[in-house]
Amino acid sequence: MAVVGNAVPCGARPGGARDNGSPQPGSRLRPGLAAGPALIANGDELVAAVWPYRRLALLRRLTVLPFAGLLYPAWLGAAASGCWGWGSSWTQIPEAALLALATICLAHALTVLSGHWSVHAHCALTCTPEYDPNKVTFVKVVPTPNNGSTELVALHRDKGEDGLEVLSFEFQKIKYSYDALEKKQFLPVAFPVGNAFSYYQSNRGFQEDSEIRAAEKKFGSNKAEMVVPDFSELFKERATAPFFVFQVFCVGLWCLDEYWYYSVFTLSMLVAFEASLVQQQMRNMSEIRKMGNKPHMIQVYRSRKWRPVASDDIVPGDIVSIGRSPQENLVPCDVLLLRGRCIVDEAMLTGESVPQMKEPIEDLSPDRVLDLQADARLHVIFGGTKVVQHIPPQKATSGLKPVDNGCVAFVLRTGFNTSQGRLLRTILFGVKRVTANNLETFIFILFLLVFAIAAAAYVWVEGTKDPSRNRYKLFLECTLILTSVVPPELPIELSLAVNTSLIALAKLYMYCTEPFRIPFAGKVEVCCFDKTGTLTSDSLVVRGVAGLRDGKEVTPVSSIPIETHRALASCHSLMQLDDGTLVGDPLEKAMLTAVDWTLTKDEKVFPRSIKTQGLKIHQRFHFASALKRMSVLASYEKLGSTDLCYIAAVKGAPETLHSMFSQCPPDYHHIHTEISREGARVLALGYKELGHLTHQQAREIKREALECSLKFVGFIVVSCPLKADSKAVIREIQNASHRVVMITGDNPLTACHVAQELHFIDKAHTLILHPPSEKGQPCEWRSIDSSIVLPLTLGSPKALALEHALCLTGDGLAHLQAVDPQQLLCLIPHVQVFARVAPKQKEFVITSLKELGYVTLMCGDGTNDVGALKHADVGVALLANAPERVVERRRRPRDSPVLSNSGPRVSRSTKQKSALLSPEEPPASHRDRLSQVLRDLEEESTPIVKLGDASIAAPFTSKLSSIQCICHVIKQGRCTLVTTLQMFKILALNALILAYSQSVLYLEGVKFSDFQATLQGLLLAGCFLFISRSKPLKTLSRERPLPNIFNLYTILTVMLQFSVHFLSLVYLYREAQARSPEKQEQFVDLYKEFEPSLVNSTVYIMAMAMQMATFAINYKGPPFMESLPENKPLVWSLAVSLLAIIGLLLGSSPDFNSQFGLVDIPVEFKLVIGQVLALDFCLALLADRVLQFFLGTPKLRVPS
C-alpha cells in the first residue's frame, strides 16, 4: 500500500504553516518511506493542509513525562536531601521550595490546558508525526481561511471494493478518502456532478442491491442534521476557556485570603453567567438542528421498478420522482431534472422570494457536460427547496414515468454536500466567531500587568525584610496583586454592553447571529452596498420602447408595433401557478404587465388591449449570464386558417444582440449607451417570422437557428426607482465619516448613474477601466462620455481618485488579477463603483479591503451576496419581505404601523411601504404608538434566524428591506464600542488603584473587611450594569469613535487620572496616619484579625469615592450615546453610591458604620476628606476633557 506523504500546505507561501502555529514535521523521513506530495488536493475549497499523527502512550506525552518523570521527583529529591533547608516540620516550608513547587504546578496546569485551547499545542504535546499509513491514528486538518478552525480528527480504516484498506476522515461533516494508487492525497468523495448529459439521460438507477450497498458505503446516508451536545459537554468547554480558568483561580486565592462572602458571590455569578450562555447555545443548536430536512417516503427507481424509499436512504446515482407534495415536503437532496418541469420555491435556501422555473435536460445535446456553475439555476433542484408546481413528462414520449405522476430526476449530492448542507455547515463551522476574549483585551491586560508586577515585587521585597512573616501568606498576597489586573467580571461586562444592543436591534427587526460583531459596526470605515433590491426598489417601471423613432426617443408601450408586442409577450420565463399567481423574474412580470397580455397555464399568451392573435410558446432557451440573452420559439394561428405561423423572439444585452440583427439603426450603440447613462435598464428585442414548421422541426430546432437574421424591434427601457429612503440614508452614512462603495452585477453605466443620484460620486467625470481588446495592449481609463482616455499606468490611483470618480468592472478586475494583482490591491480602496462583478469577485473586493486594514460593512440581498456578506467585518442581509409570523402577530383592525425608536416607521402589512411620520401627528399619539409597539415586542423572545430568512451566513439579518437598518447597526455599534472602551478605562483605573492599595497600603496594615469588599463590589456591579445600558443618540455624528484601546488619548487619560487619584490617596493616608496613635512595633502584623481604624476607614471611603468618580468622569455621552442625566438608571446608581459614601463619611448611622468596620472620623478631618474628594474629582475630570479635546477625535483613514 502507498505511503502517506509528508504534509505541506498546498498553495501556502514558505513558512505559511508556521504562521498559524502548526508544528512542522521534520523534512527528513524515515529510511524506506517514500515522501509523497501534499496530502490534500491543491485548490480544495475546505481543507488547506493535512498532517498525519500517531497518539503517544499516556506516560510518553509531554503533558505527563516532563512533570511526572522529572520535575516532581526532582523537587521531592531536593526536599529529601535537605537542599531547601527544611525545618523540623512540614508546615515550615522554605519560600524557595514553595515558589518552586507553585511554579511546577502552574506550568503543569497550563501545559494541560494549552492542549484544550489549541489543537496545534495538543498535537505537539500528545502526538508524534507519523508517515507510515499502518500506524497513523489521527490527522490534524487545517481549513482554508474563513472556513472554521483546525481540528484533530480520527483516521478511519475500511475495506475498499478491491479488498484493499482505505483511509478516510471526516472534517466538518465532509468525508475525505486517501487515494493510494494515483494522487497519493486525501480527496473529498467524488459525486456524479461532472458527467456528459448522455450519462444522466440514459441512466436507469441502481439495478442490483450490491450497487446500492457500495454507494451507501461510499457516500453515506442522506442526513444533514447535527447532534446537540449535552449540557455538561458544552459547560466543560466553557469552563476550560482561559478567562474562566483564570477567574476561578482568582476566586480560589481570595478564599485563601479569607474573603469568603466576596469569593462565593463572584463564583456564583460566573457560573450562572456561563450556564445561561450554554443554555442559549443549546437552544440555538436545537433550532439549527430543526432546519435539516425531515425524512419522508419518496418514489425511487431501483432494480428496474419504482418503489417507496425513505428520503434519508437515498444515495447519489438514484433516479427519483420529484413533484409537488400535498404534505409540503421539501426536496431531500440536490437533483438534476431529467424529465418534466417544475416551479420551485427556493426561499427556504436563498431568501429569494421569486419561485424559479426548472427545465429538464432530456432534449439537450447528449455530448454537453454538466457544469454546475452554469446549469444549476435552470436544471438542478436543490435540497431544502419546495416544489410549488410540476408538469409531469408527456405520456407520448418514451422514457421513465413515475407511478406518482412526478418528474424524473437524478440524485447528484446528498447530506451535508448539498447546497442546503453547505449552508448549514457555514452556520456550524464558518467564520470564526468574534468574541470578547480577543487579542486587544489580552494586550490591555499585559499593559496593566506591568504595574501589578511592580507592586507585587515591592510587597515581596519589603515584606521579606520582616524575618517572622509567613512567606506563604506573603506569596499569596503577591499572587493576588498579579491577578487583580484582570477583573473577573470583565467578560460579563463586555457581554452586557453587547446584549443591550442585541435587544435594541431585535426591536428594530434586526437579528444578529454573532453578537460580538456589534462593536465592529462602530469601527466601520467602508460601507459597501449591492444595487438591485438594496438601493433600488423591486417595483420596476417600464418606460417604453426606444429605437423605433429618431434618436433615443422612447415610444409608449401603447404605440409600439405588433412585432414588438409579440417579442415582449412571448420572450420570458414566467409561469402561472394553479391558483393563478404569476411567478418569475420581476423584470419580465413588469414587461408582460406593461404590454397588457395574459399568460395561461398551458403556455399561451393573449392580448387584452389590442386586437391580434394569441401566441403559444413551444420552446424556451433560457437566459444565461454567460450568453446575456434569451430566446423562444412561439406560434400564432393565421387569420381565417388553422395553420400555425412560427416566430422567434429574442431579448438580451444590446451589445450581444447587435451581431444577430440583419439590420439595425445607425445610431444603435449611441441610443442604448445614452439611455443606460440615465440609469435605466436597457434590453434589445429581436423578432423573426419562421413560417410553417412540422412538429418535429419545432421540437428539434436549435438555439442558433433562432438567434440569427433577426429584425430589430426596439430597446425595452425599464427604470429601477430608488427606494424611498436610500438617498437620505446614504447622506447620513456619508455625513457620519464613512466611505460608501457600490458593488453590483449590473451594467456599469446604470450603476454609475445610480451612484451619482445617491451622491456616492461627487466628481465631474467618472472613469471606467476597460481591459485591453487585444493581448499586449494596456488597460485604459475611459470616461462615460469617452471625452477622457487615460492609460492605467499613468499616475497613482490616489492622484487619479482626487480628480475623478473610478469604476471597475468585473472584466477589468479579472484582467488585473491575472496581470498585476499588486496594482489591483492599490487600486481597490480608491474605486467607488464595482459593476458587472460576479459573486466571487464581490467576495474578493471585501476580503481585499480587509487585507488592507479597512473595517468593512457589506449590505446586500439574494444569493449573489452571501460570500461577501460572510467575509465582511459587518455583513447585513436585507429581506425582501418581513417574515409572516411578525406580520400576522401585528395585524390589528386599524392595521397601525410600527415605529422604530430611531424615527422611521414600518408598516405592519407587507403591502404598505415605508414612510416617515407626518409632522402634523401629535406627540402624544407618537408616544402611545411607541409604547404599544414596545409592548408587542416584549411579548416575543428574540427569534432564531431560520433557513428561509435570507442569507443566513450573514452575521446581521434585517427583516425589513430598507437600508435604514445600516444606520441602526452603526449607531448601536458606536454606542457599544464607546461603552466597551469606557469600561476598559474604568477597569484600568480601578485595577491601578487596587494594585497600590494591595501593595504599599497592605504592608502598612491597611486592608478591607469581607463586608466592606462585598458592599464595594455590589455598588460597583450596579454602576457597571447601568453603564452598559446606554442608548445611542437618534442621529449619527460626523465624529468617529476611537477604534481601539491602544491610543494616545486612552493611555494618557488613564495615567493622568491615576496620578490625581494616587496623590489624593497618598495625601489622605498620611493625614489619617498623623491623626492615629503611633505604631509600637517595627513591622506590622499582616495576619491578625481585621480591626477598624481611622486609616482603614479613610482609605476605604476614598477608594469607593474614586471608583464612583471614574464612572462619572469616563462616561462618554454625546455624540455617540445619551448624556449622563438621560441615563437615569446610572444616575440613580451613582446617586446611591454617593449617598452611601456621604453617609459613611458623616457617620449618620453609627450601627451601619460599625457593621462595615468604620470608626468615627473627627469633624475637622471630615472636612479635609470632603475637600480632597471634590478636588480629586475636578482635577481628574479636567485632565480627561483636555485630552479628549486634543486627542480624542480620530480621522477617517480611507481616501475620500
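From the backbone N, Cα and C atoms, a Cβ is placed for every residue, glycine too.
The ATP binding site feature in Swiss-Prot is assigned to D530, K531, T532, F623, R681, D746, D861, G862, T863, N864, D865; the stated evidence is similarity to another entry. D861 (ATP binding site) carries neither a helix nor a strand DSSP state and counts as coil.
Under DSSP, T532 (ATP binding site) is assigned to coil, being neither helix nor strand in the three-state scheme. Swiss-Prot lists D530, T532, D861 with the feature Mg(2+) binding site, giving similarity to another entry as the kind of evidence.
For S896 (among others), the entry in Swiss-Prot reads phosphoserine, with the evidence type a large-scale study or a structure entry.
Annotated phosphoserine per Swiss-Prot: S902 (among others), in sequence order.
The region 'P-domain' feature in Swiss-Prot is assigned to 509-538 (among others). Taking DSSP states H, G and I as helix and E and B as strand, the region 'P-domain' (509-538) has 9 helix, 8 strand, 13 coil.
Per Swiss-Prot, region 'P-domain' is recorded for 724-882 (among others), and the stated evidence type is similarity to another entry.
Sequence annotations record features per position, and here Swiss-Prot assigns region 'Disordered' to 886-928.
Within the model, the region 'P-domain' (946-961) shows a mean pLDDT value of 64, rounded to a whole number. As annotated by Swiss-Prot, region 'P-domain' applies to 946-961 (among others), with the evidence given as similarity to another entry.
Summarising the annotation, Swiss-Prot assigns topological domain 'Extracellular' to 85-92 (among others) and lists sequence analysis as the type of evidence.
According to Swiss-Prot, the feature topological domain 'Extracellular' maps to 262-440 (among others), an assignment based on sequence analysis.
Taken from Swiss-Prot, the feature topological domain 'Extracellular' covers 1069-1092 (among others), and the record attributes it to sequence analysis.
Residues 1008-1009, 1011-1012, 1015, 1075, 1090, 1092-1094, 1096-1098, 1100-1101, 1143-1144, 1169 of the same chain sit 6 or more residues outside the topological domain 'Extracellular' (1150-1162) yet have a Cβ under 8 Å from a Cβ within it. For 1150-1162 (among others), the entry in Swiss-Prot reads topological domain 'Extracellular', with the evidence type sequence analysis.
As annotated by Swiss-Prot, transmembrane segment applies to 64-84 (among others), with the evidence given as sequence analysis. Cβ atoms under 8 Å from those of the transmembrane segment (64-84) belong to residues 58, 93-94, 96-97, 100-101, 104, 107-108, 111 of the same chain, restricted to positions at least 6 beyond its ends.
Annotation source Swiss-Prot lists transmembrane segment at 93-113 (among others).
The transmembrane segment annotation in Swiss-Prot covers 241-261 (among others) and is backed by sequence analysis.
If you look up Swiss-Prot, you'll see 441-461 (among others) marked as transmembrane segment. Residues 474-475, 477-479, 481-482, 484-486, 490, 984, 988, 991-992, 995-996, 998-1000, 1002-1003, 1045-1046 of the same chain lie 6 or more positions beyond the ends of the transmembrane segment (441-461) yet place their CB under 8 Å from a CB of it.
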Report summary line: Its residues classified by DSSP, the topological domain 'Extracellular' (1150-1162) shows 6 helix, 0 strand, 7 coil
Query raised in the report: Which residues, given as numbers and ranges, are at least 6 beyond the ends of the transmembrane segment (1163-1183) yet have a Cβ under 8 Å from it?
Result: 1053, 1056-1057, 1060-1061, 1064, 1067-1068, 1071-1072, 1075, 1094, 1098, 1101-1102, 1105-1106, 1109-1110, 1112-1113, 1145-1146
**Report entry** Remote residues contacting the transmembrane segment (1093-1113) - C-beta distance under 8 A, at least 6 residues beyond either end
**Finding:** 985-986, 989-990, 993, 997, 1001, 1004-1008, 1012, 1016, 1019-1020, 1023, 1027, 1057, 1061, 1064-1065, 1068-1069, 1071-1073, 1075-1076, 1124, 1130, 1134, 1137-1138, 1140-1141, 1144-1145, 1157-1159, 1161, 1165, 1169, 1172-1173, 1176-1177, 1180-1181, 1184
Query - Densest Cβ neighbourhood among D530, D861, D865 (binding-site residues), 10 Å radius - result: D865
Requested in this report: Go through the chain and flag residues at least 6 beyond the ends of the transmembrane segment (93-113) whose CB is under 8 A from any CB in it; none is fine as an answer.
Outcome: 62-63, 67, 71-72, 75, 78-79, 84-87, 125, 240, 242, 245, 464, 471-472, 475
**Report entry** DSSP three-state assignment (helix, strand or coil) for R681 (ATP binding site)
**Finding:** strand
**Report entry** Most crowded position, judged by CB atoms within 10 A, among T532, R681 as binding-site residues
**Finding:** T532
